[in-house]
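Over in TrEMBL, the protein carries these features:
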SIGNAL    1-27  signal peptide
DOMAIN    111-151  domain 'EGF-like'
DISULFID  CYS141-CYS150  disulfide bond
DOMAIN    159-196  domain 'EGF-like'
DISULFID  CYS167-CYS184  disulfide bond
DISULFID  CYS186-CYS195  disulfide bond
DOMAIN    198-237  domain 'EGF-like'
Amino acid sequence: MESVPSWRLAALGLLLAVTQCPGCVTAQRKKHQRCDEQINLTTTTACTSCVISQNLLCPRGFERSSQQNIRDCSFTVDLGGEQLIRQVGCSLKCTKMATVSKCCNGFWSQDCLECPGGATHPCNGHGMCLDGVLGNGSCICEPKYKGNACEECADEEAYGPDCVMGCSCVHGVCSNGITGNGKCICFSGYTGPKCDQEVPACKSLGCGNNTQCVEEKTGSFICKCLPGFQKIAKTCEGKKIPLVCT
Ligand SMILES: *[C@@H]1O[C@H](CO)[C@@H](O)[C@H](O)[C@H]1NC(C)=O
Ligand SMILES: *[C@@H]1O[C@H](CO)[C@@H](O)[C@H](O)[C@H]1NC(C)=O
Ligand SMILES: *[C@@H]1O[C@H](CO)[C@@H](O)[C@H](O)[C@H]1NC(C)=O
């Protein structure tokens, strides 16, 4: 320690020069993937006379940087009696390569696990994965999407990969969601792209309350009571019949 008398590390601080992640280029698809980074740690002493800085030693683990004895700084000399002289001088520059633990893009936690949706397509391309060593692997989805990997449309009325709105069927079920095509599957007795038109044959039947117009195998339509309703005279009444599962 006696050989390094004038270390003042705080003065100019520790400069970090980050190099590009070399592991990322050759990286193969894996469930775990590290992209440790090589970091060039640089430390510089306070400015002093070039003769003195030439004889200083770098701290343990550090090496002298190539750029030495360059008159690139200035320091003041106190001659006493309030007399200060500003002098051009040198500082000792030391470097050290260090490895910093990092995950490749699309991987998270200390173990560098793959983000939801896969590292090549994190969050299915519809969100941002909180990746990196300190990340928790959650997807922050764009407003139109939801789900662990942003794999679902946020809205019930949205369909298709772009989650476009407009999936609505008046008397039917819409093929919604990211794999849906927006088409309606109409309940019995209804037709039209939005299932909003009554099948003409049903219209003329004029099925009453609590009924459903059902197409029979013969192709003709009849009025049937909805499940849970019973035919009493000509109407269907809400007298619950026990549901029998077969
Ligand atoms: C580290 O940085 C210093 C100063 O920027 C430079 O002189 C040195 O060549 C670098 N070392 C490596 C291994 O990149
Ligand atoms: C992950 O981190 C984000 C932001 O820090 C937070 O909002 C979210 O709740 C976290 N998720 C889990 C599953 O911990
Ligand atoms: C259908 O129900 C409504 C309201 O409950 C009632 O006013 C109407 O009379 C019913 N129609 C028939 C045909 O029973």
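Including glycine, each Cβ sits where the backbone N, Cα and C put it.
Sequence features, as recorded in TrEMBL, placed on the structure.
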residue: CYS141; record: disulfide bond; DSSP (3 states): strand
residue: CYS150; record: disulfide bond; DSSP (3 states): coil
residue: CYS167; record: disulfide bond; DSSP (3 states): coil
residue: CYS184; record: disulfide bond; DSSP (3 states): strand
residue: CYS195; record: disulfide bond; DSSP (3 states): coil
For CYS184 (disulfide bond), write down the residues of its own chain that are at least 6 apart in sequence and whose Cβ falls under 8 Å from its Cβ; none is a fine answer.
CYS169, GLY172, VAL173, CYS174, SER175, PRO193, LYS194, CYS195
Close approaches to the domain 'EGF-like' (198-237) from elsewhere in its chain (Cβ under 8 angstroms; 6 or more beyond its ends):
187-191, 243
Just to confirm: which same-chain residues, 6+ apart in sequence, have a Cβ under 8 Å from the Cβ of CYS141 (disulfide bond)?
CYS123, HIS126, GLY127, GLY147, CYS150, ALA154
Spatial separation of CYS167 (disulfide bond) from CYS186 (disulfide bond) - C-alpha basis, Å:
13
